[in-house]
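Chemist: Mind having a look at this structure? Questions to follow.
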Amino acid sequence: MKNFKEAPAAGAQRLDVLQVMRAVAATMIVALHADVNWQFTLFPLHLLRLGGGVDLFFVISGFVIVYASRPYFAAPGGRSAFLLRRFLRIVPLYWFVLTLRLAMAASVTLISAKAFPPLQSILTSYLFIPYDSMGYGDAYPFPLIDLGWTLNYEMFFYIVFAVFIFLPLERAVFTTAAVLFTAVMVGFTFDLGLPFSFWFQPIILEFVAGMFIAVLFLRGVRLPPLLGLATALCGLAIWMLTDLSRIGFQCDPGCYSFSRLLVFGGGAILLMAAATLTRNISLPRFAQPLAKLGDSSYALYLLHPFIFRGFKIALGGVTYPPEWSNVVYLVIVVSTVAIAHAFHVLVETPANIWLRDRLITSPRKVAVS
């Protein structure tokens with residue numbers, strides 16, 4: 001494989017801002033799911049629209065894939081290098097938690113009458129193919145790890161992106177965007193079955209928005225600070241103040257429609273533009289440790305259901321006054337973030353380094369995370 005030189009570190013401070021946004025997005029999802037088991041009552045959590053963390057992830061992903069893949073565009077071996085690094089970043093941890101999920105299902109099958117997942121559900125889950133493994137219906141074709149529905153979109157985006165990476169950067173971005181936009185129009189026009197009815201949903205245009213923001217960033221487009229602040233405030237206003245009931249929006253992870261793209265996607269796009277394009281933006285010193293949590297956001301996203309299960313077992317026989325419920329909720333959310341970060345540092349990172357050293361021959365690794 002060609003030895004790709006490491007991409008220049010221009011805009012490193014801005015990428016620290018993105019790492020903080022990753023950490024925030026993952027924590028939003030954790031906070032949303034924690035409320036199912038340990039109710040937070042200080043104020044209605046639904047006002048924060050925590051489910052939009054997924055949309056923020058998708059916009060960030062579109063940006064990072066373009067920014068970090070600069071050495072691969074129009075380069076011999078670029079496609080295989082890109083796909084290998086994406087595989088190493090996404091697949092090992094996902095397969096680990098999926099295998100853990102199957103091991104738990106097997107233990108339940110041995111001690112109860114609950115059926116073990118069928119082979120088709122197992123294979124489609126491992127291969128990132130949308131399939132109704134959980135029995136929720138074709139509108140919610142979740143893999144055996146519920147959270148894997150987002151990765152099915154991510155992998156679809158990577159494959160389409162990789163097809164055109166032989167082109168120069170901007171041509172590759174615009175061609176990928178045209179294909180994804182066409183896919184959405186086809187999905188909107190025709191009644192397609194799985195997996196295309198899932199892949200061709202409007203939510204994939206959030207990747208496109210992230211790619212376009214990356215192009216603007218690399219062109220040197222910058223917003224004056226006041227305009228950047230106004231952009232961020234508009235994003236928050238769209239995200240948090242829109243009356244979802246008036247546009248037919250269902251606030252659950254299975255909604256991938258234009259209404260979700262408009263509200264959660266629109267808010268995430270404006271926040272992303274403000275974070276990356278505002279002139280002279282810098283990360284406050286007190287927030288710099290949060291950039292490290294961005295590194296562990298993927299582990300936090302995939303592992304938090306298992307960590308929650310551990311807390312439920314540990315607290316199963318514990319009774320506490322109702323007024324403690326908010327404290328318990330906050331302690332569990334913070335502890336989950338800390339446990340996932342420790343797993344990232346002690347397990348995920350060494351495992352990824354071990355795999356990269358054996359599968360990537362380039363002596364200088366390109367950071368594509």
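Glycine residues also receive a Cβ, built from the backbone N, Cα and C atoms like all the rest.
Sharing the record's features from TrEMBL:
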DOMAIN    18-340  domain 'Acyltransferase 3'
TRANSMEM  20-40  transmembrane segment
TRANSMEM  46-69  transmembrane segment
TRANSMEM  90-113  transmembrane segment
TRANSMEM  147-167  transmembrane segment
TRANSMEM  172-190  transmembrane segment
TRANSMEM  196-218  transmembrane segment
TRANSMEM  225-241  transmembrane segment
TRANSMEM  261-278  transmembrane segment
TRANSMEM  298-315  transmembrane segment
TRANSMEM  327-347  transmembrane segment
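Could you place these features in context, so I can see how deep they sit and what lies close by?
Modeler: Note on the domain 'Acyltransferase 3' (18-340): mean pLDDT across this stretch is 88.
Here the transmembrane segment (20-40) has long-range neighbours at 48, 50-54, 56-57, 60, 271-272, 275, 283, 287, 290-291, 293-294, 296-298, 300-301, 304-305, 308, 311-312, 325-326, 328-330, 332-333, 336-337, meaning same-chain residues at least 6 beyond its ends whose C-beta is under 8 angstroms from one of its own.
For the transmembrane segment (46-69), the residues of the chain that approach it from at least six positions outside its boundaries are 7, 11, 15, 18, 21-22, 24-29, 31-32, 78, 82, 150, 153-154, 157-158, 161, 165, 169, 173, 203-204, 206-215, 217-218, 239-240, 251-253, 260, 263-265, 267-269, 271-272, 276, 301, 366-369, judged by C-beta separation under 8 angstroms.
Listed as Cβ neighbours of the transmembrane segment (90-113) (distance under 8 Å, sequence separation of 6 or more from its ends, same chain) are residues 122, 125-126, 143-145, 148, 151, 154-155, 298-299, 302-303, 306, 348, 351-352, 355.
Residues of the same chain lying 6 or more positions beyond the ends of the transmembrane segment (172-190) and with a Cβ under 8 Å from any Cβ of it are 66, 73-74, 157, 160-161, 163-166, 196-197, 199-202, 204-205, 207-208, 211-212, 214-215.
Listed by sequence, the residues of this chain that lie at least six past the ends of the transmembrane segment (225-241) yet keep a Cβ under 8 A from its Cβ atoms are 47-49, 52, 262-264, 266-271, 273-275, 277-281.
Residues 11, 14, 17-18, 21, 49, 51-52, 54-56, 58-60, 63, 202-203, 205-206, 209-210, 213-214, 216-217, 221-225, 227-229, 231-232, 234-240, 242, 244, 247, 249 of the same chain lie 6 or more positions beyond the ends of the transmembrane segment (261-278) yet place their CB under 8 Å from a CB of it.
Counting only same-chain residues 6+ beyond the ends of the transmembrane segment (298-315), those with a CB under 8 A from a CB of the stretch are 26-27, 29-30, 33-34, 37, 57, 89-90, 93-94, 97, 100, 145-147, 328, 332, 335-337, 339-341, 343-344, 348.
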Chemist: Who are the long-range neighbours of the transmembrane segment (196-218) in its own chain, taking Cβ under 8 Å and residues 6 or more past its ends?
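Modeler: Same-chain contacts beyond the ends: 11, 14, 55, 58-67, 70, 130, 138, 141, 152-153, 156-157, 169-170, 173, 176-177, 180-181, 183-184, 186-188, 256-258, 260-261, 265, 268-269, 272-273, 276-277.
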Chemist: State the non-local partners of the transmembrane segment (147-167) in its own chain: residues 6+ outside its ends, Cβ under 8 Å from one of its Cβ atoms.
Modeler: 54, 57-58, 61-62, 65, 69, 72-74, 78-79, 82-83, 86, 90, 94, 98, 125, 128-130, 140-141, 175-176, 179-180, 195, 198-199, 203-204, 207, 253-254, 301-302, 305
